[in-house]
Amino acid sequence: MIRKLCSSFSRSIIFPNKPIFIPRSFPQPLRHSSALSYSSLKMTDTHIPGNPNSSPIQSPTKPESLRSLEFQLGSSFTADPIIPPPNQIVIVISGPSGVGKDAVINKLREVREGLHFVVTATSRPMRPGEVDGKDYFFVSRDQFLSMVENEELLEYALVYGEYKGIPKKQIQEFMAKGEDIVLRVDIQGAQTLRRILGNSAVFIFLVAESELAMVERLIDRKTESQEELLVRVATAREEVRHLKNFDYVVVNAKGRLDDAVNRVESIIDAEKSKVHQRIVRI
């Protein structure tokens, strides 16, 4: 009896500002823990990871997944390309004399497929090593003027006293075959093409690494007299000022031809990857 009173009294004692709470009962140890229903913890064999005797969860096959997705989306999947093939483009390569336009063109011809290099018609005499129909179509002055009269040329110009022009038919035929077109023209021809084609063509300006390097190349060609060299160098200085009218500039440094050609290829790849493609009509 006394023990009960003491217990009751101890539960109600409150020290000043410090109440003491004595629990009425203490947690009891878990009884019969070993007797918990094994069936409530046991996983079936088919759900035990790593169990060699478990059956793999059956997943739908790829065709079944596709059919299910199509049904839920309400439309069928198509194997057609997400985007159409890129348009054919016209690449205009130009630059002053002595920058290596022909070297870049010839190397590009070796390493890049899907390009047609337009052969320009000219009234000038053939130089040593040149091949008619490959380097130029060599025609007489009268023949050239006849082509002009019949509107067979996309553009033409009088350069250093000789005519040069681009045949239309050649471009149309190869674009119809799906090939991109490369035009190698002088600065005057590039200006004319810019007026005709506007922004539908890609204009690349080739330059040497320095003016001195450009002049040395002209001298090394040994195709002009001193007076002719003077005219070409003076003209080249003027032509460099037209760089701002081009889309891209590529430096063709001595001994770095591959680098220049790689740059031109990168430009072509970038143009073919544009969301808004250029459209050429000739």
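Quick reminder: no glycine exception, Cβ is built from N, Cα and C everywhere.
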Residue among Asn245, Asn252 sharing the ATP site, where Swiss-Prot lists Gly95, Pro96, Ser97, Gly98, Val99, Gly100, Lys101, Asp102 as binders: Asn252
Arg127 (active site) versus recorded positions Gly95, Val99, Lys101, Arg221, Asn252 - nearest by Cα: Arg221
Farthest-apart CA atoms of Gly95, Pro96, Ser97, Gly98, Val99, Gly100, Lys101, Asp102, Asn252, residues recorded for ATP, distance in Å: 12
Pairwise Cα distance for Arg232 (active site)/Ser97 (ATP binding site) [Å, integer]: 7
